[in-house]
Amino acid sequence: MTKITVVGAGSWGTALAMVLADNGHDVRIWGNRPELMDEINTKHENSRYLPGITLPSTIVAYSSLEEALVDVNTVLLVVPTKAYRDVLQEMKEIVTEPITWIHASKGIEPGTSKRISEVIEEEIPEHLIKDVVVLSGPSHAEEVGLRQATTVTSAAKRMEAAEEVQDLFMNSYFRVYTNPDIVGVELGGALKNIIALAAGITDGLGLGDNAKAALMTRGLTEIARLGRKMGGNPLTFAGLTGMGDLIVTCTSVHSRNWRAGNMLGKGHSLEEVLESMGMVVEGVRTTKAAHELAEKMEVEMPITAALYDVLFNGNNVKDAVGSLMGRVRKHEVEAIPDLL
């Protein structure tokens, strides 16, 4: 039995805490809303972020991070990307022994364009890190909460660490594969949010299945192109954390990014969309970070660039579609060498 603290009590953190508790681990969960932590402890429910799901009574919730981290040997980080450094800076003052740091967040840090594992390694002293592991894949919290069949990937530089996390989570409804390509796994999970926003826009505009299929396919090309330039394995982007996550995020009403894009396509402003969502839409921040990365690394990402102009430069969504359709003619095979 592993003592593990889930840091972040949103929908995904809560669902993963449930998986770990189902597997018999000593599970604590921390959140910054005391009333929500009280509800988890007394009613065994997170009505704000995962309504209708009864949680295992063995999950203990804390609003004090210091109390939540007592004697743990593993932490699972599931907080918004913009909050990572603040949370990690608080945690490094509490943790005294080397532990395993797992993260299940899909985004790139705003401002630095760093992957989350890089942020962890920057903020946490080396003597407090046993391993850094990423858990990612096509996985809506709502379906995991219902214990519906889900498959994800555990990635780490040290394969033994990825396998240890695989053992922590794997059960009859939650299957875990391993992958040594931590760069590719993180980038696939983060960058697909951009394409999901764009897919929502195409649906909001009523452009049809042909346009959406093209968008997803060309979107995967962009993800692989930047991922390869940053050191990821091209095959990773054809797997669960690339194509798999892209499909589920672009086609499901559970997807916050798709829902946000759908509202944009129907004429709502970005401010209206974010206010109505009530939860973090990582794709918005990731679009900005990826656009900056693409320019810095001289990687062509036309869908990302078009979406960036819509989100941050006030470009009209219909004009963005026109700009993509009117691009210079290309050979498809020449455009996707990283996938061959």
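Quick reminder: no glycine exception, Cβ is built from N, Cα and C everywhere.
With Ser11, Trp12, Arg33, Lys106, Arg256, Val280, Glu282 listed by Swiss-Prot as binding NADPH, the candidate from Ala68, Ala141, Ala320 annotated for that site turns out to be Ala141.
Of the listed candidates (Asp181, Asp245), Swiss-Prot assigns Asp245 to the same sn-glycerol 3-phosphate site as Lys106, Gly137, Ser139, Lys192, Ser255, Arg256, Asn257.
When the alpha carbons of Ala141 (NADPH binding site) and Asn257 (sn-glycerol 3-phosphate binding site) are compared, the span between them is 14 angstrom. Residue annotation for NADPH gives Ser11, Trp12, Arg33, Lys106, Ala141, Arg256, Val280, Glu282. The furthest Cα pair among them is separated by 22 Å. Counting only residues at least six positions away in the same chain, the Cβ atoms of Lys106, Gly219, Ile223, Gly242, Asp245, Leu246, Thr249, Cys250 sit under 8 Å from the Cβ of Lys192 (sn-glycerol 3-phosphate binding site). When the CA atoms are compared, the binding-site residues lying within 10 A of Glu282 (NADPH binding site) are Asn257, out of the candidates Ser139, Ser255, Asn257. Once the Cα atoms of Lys106, Gly137, Ser139, Lys192, Asp245, Ser255, Arg256, Asn257, the listed binders of sn-glycerol 3-phosphate, are compared pairwise, the greatest separation found is 16 Å.
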